[in-house]
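Written below as structure tokens is the structure these notes are about.
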Amino acid sequence: MIELKLLSDFPQEIIALDEVGRSPLSGPVVIGAVRVMIHSAEELGLLVRSLRRNGVKDSKMLTHEHREELLQKFKAPVLNYREKRSFVWKGLEVQYVTWEMDHVIIDNENIFQASMRGMKEAAEFLASEDKSRTTVLIDGQSKLRWSGEPHPWREIPIVKGDAKSPLIGLASIIAKEKRDAFMREMHLLYPQYGFDSNFGYPTPFHRKAIEEHGPCLIHRKSFGKVKEFVVE
């Protein structure tokens, strides 16, 4: 587990971040953030090995049923956006939150900036006041954006972090389940687009539905395959 190679100075507050929904044509990008306070390498090893043994990995490699089963095992329901929740695993309190950046923000800022801002806000929401011993693990290759301000904590981007880090993997599972649940709700309002099966991703069926019906309220109107069908 990559956490054991990267982290050695304890006690340490660890926050793991991942996002789901960069490439869809509709709906929000959703950030999952997980926070845990670790006091020793042994404690960290016990936690991440247990998460891995129980099947935590990149959410894209798991079925909805498997993700749901994991969250039930952890007693970690994914409810409202921006609501801090927690569960206890291996004697440690694991806090988590989901954070959405909707289609309007994405169209105004672009998907990369919206994702980075959402991860930054989610991390700030979970972090303790004293960030001198905080490390933020970020899925991807980019650090968070601070507009010239000094970073208040240590940041470690990890390419394919959701596969390498059980903590980032857990964040990805939480984000994926929340976003998929939202898109299933949107299917009830806009059944013509098949959101209950494509979740807003650019499948042939979804692209054809946009051509036939035009975009709906939650489509990302700055995206190709959508903007050419926007009627002002």
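Note that Cβ sites are derived from N, Cα and C of the backbone, with glycine treated the same way.
What TrEMBL says about a protein is an automatic prediction, not a curated fact.
In TrEMBL this protein carries:
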{"type": "BINDING", "residues": "Asp18, Glu19, Asp139", "note": "divalent metal cation binding site"}
{"type": "DOMAIN", "residues": "12-232", "note": "domain 'RNase H type-2'"}
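Cβ atoms within 8 Å of the centroid of the Cβ atoms of Asp18, Glu19, Asp139 (the divalent metal cation site) belong to the same-chain residues Leu17, Val20, Ile31, Gly32, Met119, Ile138, Gly140, Gly161, Asp162, Ile168, Ala171, Ser172, Ala175, site residues excluded. Sequence-distant neighbours of Asp139 (divalent metal cation binding site) (same chain, 6+ apart, CB under 8 A from its CB) are Leu17, Asp18, Glu19, Pro157, Ile158, Lys160, Gly161, Asp162, Ser165, Ile168, Ala171, Ser172.
Averaged across the domain 'RNase H type-2' (12-232), the predicted model reaches a pLDDT of 95. A 10 Å cutoff on Cβ-Cβ distances gives Glu19 (divalent metal cation binding site) a total of 29 other Cβ atoms nearby, all chains included.
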